[in-house]
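As recorded in TrEMBL:
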- 1-37: region 'Disordered' (REGION)
- 122-219: domain 'F-box/LRR-repeat protein 15/At3g58940/PEG3-like LRR' (DOMAIN)
- 261-378: domain 'F-box/LRR-repeat protein 15/At3g58940/PEG3-like LRR' (DOMAIN)
- 396-435: domain 'FBD' (DOMAIN)
Amino acid sequence: MGVVTRAQSKRLRSQQSGSESDSEEPPPRGGEEEQGPDLISLLPDEILGSIISLLTNKEGARTQILSSRWRPLWRSAPLNLDASGLCGMKEAVVSRILAEHQGIVRRFRVWPFNLDADSATLDSWLRSPVLDNLQELGFSFYPFVWPGPLMPHSALRFSSTLRIAKFSGCQFPDDAGHQLHLPNLQHLELGSVIISENSLHTLLAGCPALDKFVFGYIHEPPRRPQLPPSALHFPSTLRIAEFGGCRFPKTMDHQVHFPNLQINSLKLKHVEIYFADRLHELIVENAPCLERLDHCGAYEDNMHISIISAPKLEILGRLTDNFSILQLGTTVFKGLNDVRISTVMRTVKVLALRFYKLRPDVIFNFMKCFPCMEKLYIKTHGDTGYPTQSHKDRNECLEHHLKKLWINYSACKWSDIQFVKFIVLNACVLESLVLNVEKHKKESSRYVKKERKRLQLSRRASRGAQIEFTSDDCFKEFPSPDPISCGSFHSGAF
């Protein structure tokens, strides 16, 4: 069956050893290693073909020069044909590969530099028999041409096998309803695609296994188009939704409201929100798997944020001091001055804040609400802040959990000095203190020495704490989300 057993491997080594002993050739020199038998070439064609299919097009083709054993394998191995590299493959090269390849093609991706202005070339490629069991299809016409060419009907002939589909810069055919049942499709991207409301509704309804859906416009037409309402009729399996470069309709699905956004999902893990226009209300109603909620919208957003149920929330950012109401369970921050803490969220480990002025009292209230917080990022960009009052109450966060503080720091602001000094003298397990300063100050040894003395680092509560002066953005090291389980809601560029 072509499988090398342990006995066969031993026999081959014995034969190789015997032939070497009978040879009169001198032993290899010290710098050369003795080569054993080529066991990989003894594997079955199916396994070798699978190995080749994991390589890039260029690397896979080069396996033909290894030996006569490998020479015919690439032409019959499962092929991942990606013509979207730098400058892409020429049309003739793609056509020749599809005509001569004897195996199946699992992935087929082509981009504008592979295609003509019309869809005739793409249509001829997609009708190739070697694509019959295609699992991943991606193509893009020039997005600067509006409207783009009509998508060929042949692009939908793989409906029963496709798992990933990415279409860009084209018009979706209106008479393809009977082809829009894709039972195995998990990832769908439509970029700068003109598609009717009925077609989009039928398409999404025909994707019962859809996990990720991306819709938007890469290069906006003269007038920003409106997102079809059907784009918000998700299947129950969807975990990731991304929208961009479009206007949201005034009437929305009852589960997704803009500018009043509600999140109610049993599977969603990460949410990032980018809004060019103001988001008035964000409600996390029931998200048992939500681990990260990051609002990256404008600082001026006067938002009402409610997190009713998110029992696994670990990362919360980037909250501003301009919100009208922040509700965390039964704890309510009405602005910054009226706070009633009645809920403790011990799951939150990372918090990022964007304040116009430093507000130590608000920060300490967050520490009470998130007593197990380990990393705190604070970015300020306004005038001098408020003084740090002495706190006699026990602070679990400072005593047992806070390990890293990254903060915008100015030696000209007494509020900054007071707050950082308080953290230095009271954070018992602090490992890293990063002070964001102007670049010329960071590079001044005199400035650094003076501030280290001013902050009383020699009396720090955590003897292992390290201090660093940086000119990098405060959120540079803010944990990045895992794209596999991240949902993004934004009205900026796609």
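In case you wondered, yes, glycine gets a Cβ from its N, Cα and C as well.
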Study note, to complete from the structure: Secondary structure of the domain 'F-box/LRR-repeat protein 15/At3g58940/PEG3-like LRR' (261-378) by DSSP, residue by residue, totals 10 helix, 50 strand, 58 coil
Revision key, fill the gap. Contact set of the domain 'FBD' (396-435) with the rest of its chain, CB cutoff 8 A exclusive, min separation 6+ beyond the ends, reads 357-358, 360, 363, 367-368, 370-381, 384-388, 441, 447, 450-451, 454-457, 459-462, 464-470, 474, 477
Revision key, fill the gap. Mean per-residue pLDDT in the domain 'F-box/LRR-repeat protein 15/At3g58940/PEG3-like LRR' (122-219) works out to 89
